[in-house]
């Protein structure tokens, strides 16, 4: 009896599911929202990267929330690991080849990270990706040199300055414009470095903030392995 009821129930669910999909006409373009942004982004924001315009401009407040979540996560991890800093395990030096290679590659990784978030309004990438790349370079140095240290004082300054800059840009749009994070600067010439108004400035702030937070997070994780 249970099997019969199960089959009947599945049949009813399957029938209504199929009917719902069958009622949708094929070949009809319903991407009107996507088409709007693709066709108007350059004109309205000055950025040739539509994804960047959406992330930083149209839904920039949500991006601010994401950066805040990352800050809370790194702060929470630091609080959890604070009482474990005295329990240190020995961390070995990497080989000479790895140390020399890391010393040579680290500046290039940092340069790539800066390039990614500075050019976020022109090419794929942005603040989150650039900040993560910079933190990856710091992790390489952590893994290669046992004596490598970062200044939490400077990390705090950089993270705070970047966060305040992000909020200040948003408030300036609210004061001199009509909405939070409104693009109030000249848009410039599309596809040039100094274009898209406040978008590249926001991405620079996001890149610095994410890089500082991830670096601090890695440092807190490795404090128990010295």
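Placement of Cβ uses the backbone N, Cα and C atoms for every residue, glycine included.
A TrEMBL annotation is a machine prediction, not a hand-curated record.
TrEMBL lists 27-81 with the feature domain 'MrpA C-terminal/MbhE'. Feature annotation from TrEMBL assigns transmembrane segment to 63-82, 94-118, 124-142, 154-176, 196-218. Feature annotation from TrEMBL assigns domain 'Na+/H+ antiporter MnhB subunit-related protein' to 97-214.
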* To do: Answer yes if the transmembrane segment (154-176) and the transmembrane segment (94-118) have at least three CB pairs under 8 Å among residue pairs 6 or more apart in sequence, and no otherwise.
  => no
* Asked: Which bits of the chain, at least 6 residues beyond where the transmembrane segment (94-118) starts or stops, bring a Cβ under 8 A of a Cβ in it?
  -> 125-127, 129-134, 136-137, 140-141, 143-145, 193, 200, 203-204, 206-207, 211
* State the residues, same chain only, that lie 6 or more residues beyond the ends of the transmembrane segment (124-142) and have a CB under 8 A from a CB inside it; answer 'none' if no residue qualifies. => 49, 51-52, 55-56, 66, 102, 105-106, 109-110, 112-118, 148, 150, 202-215, 217-219, 222
* To do: Averaged across the domain 'MrpA C-terminal/MbhE' (27-81), what pLDDT does the model get? Just tell me the whole number, please.
  => 84
